[in-house]
């Protein structure tokens, strides 16, 4: 399996459980491709706020180490940056619409991953990985990138184009509306959650019928929490009364779900219908 993610932390937030499950399985190879260093991310710990682009512009390098820690927690040993570390830069995002939604900023860095002129080189770089690894399954985001971030959208576009040249079964990460509703209801019933509880419409989800594959990741919860904590500049984690909540820099609570869901062809990620 090859997973294509836009920034460090995306692998953990959307597919960390699946990575941990497959990394521990015999005769299963898992490769993570990260497209940028996440240079434009906001920083949660005040002591590290000076890493941002407007100041030291060292966040990307710091997040390389965070990603290494997360990969170790998940048991993942094969990680690559698309085109090499620093080849393409985090494009940043502008807030758009209701809830957690993003759009392309008005001005892009010359090396931005979402830059119009970068597409063909990005596809070529991913094709090289796919030709080397020869995966049966490739995972990335849906056409909207999950919530509209331009790098997530570009990751989808690049992956679709690369898989057209090196065929594999393509799956997109999703969250079913009923799964999200249940997770948020559990958080609402848990006392002491230190983050703002959102309405279900504030977070991305899809109609249940769009989900084709569900992976039970309840058995790797500890690894997922450790991986999230490794991304300390980006993710705050809270544990209490059996529930786990996390938040990005916006302070909006999201539940750590016991299932990861995907949309893709029949047969499931494992070729067994799961």
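Numbers here mean position along the shown chain, with the first residue as 1.
Here the Cβ of each residue, glycine as well, is placed from N, Cα and C on the backbone.
Nobody curates TrEMBL annotations by hand; they come from automatic prediction.
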Exercise. From the candidates 136, 152, give the one listed by TrEMBL for the same Zn(2+) site as 7, 10.
Key: 152
Practice problem: Report the residues of the chain - excluding 7, 10, 152 - with C-beta within 8 Å of the mean position of the site's C-beta atoms, for the recorded Zn(2+) site, in sequence order. | Solution: 5, 6, 9, 35, 36, 38, 141, 145, 149, 151, 155
Self-check item: Neighbour count (Cβ, 10 Å) for residue 152 (Zn(2+) binding site)
Solution: 29
Quiz prompt | In three-state DSSP terms, the structure that residue 152 (Zn(2+) binding site) belongs to | solution = helix
Practice problem: Under 8 Å Cβ to Cβ from residue 10 (Zn(2+) binding site), same chain, six or more residues apart: give me those in sequence order, or none if nothing qualifies. | Solution: 34, 152
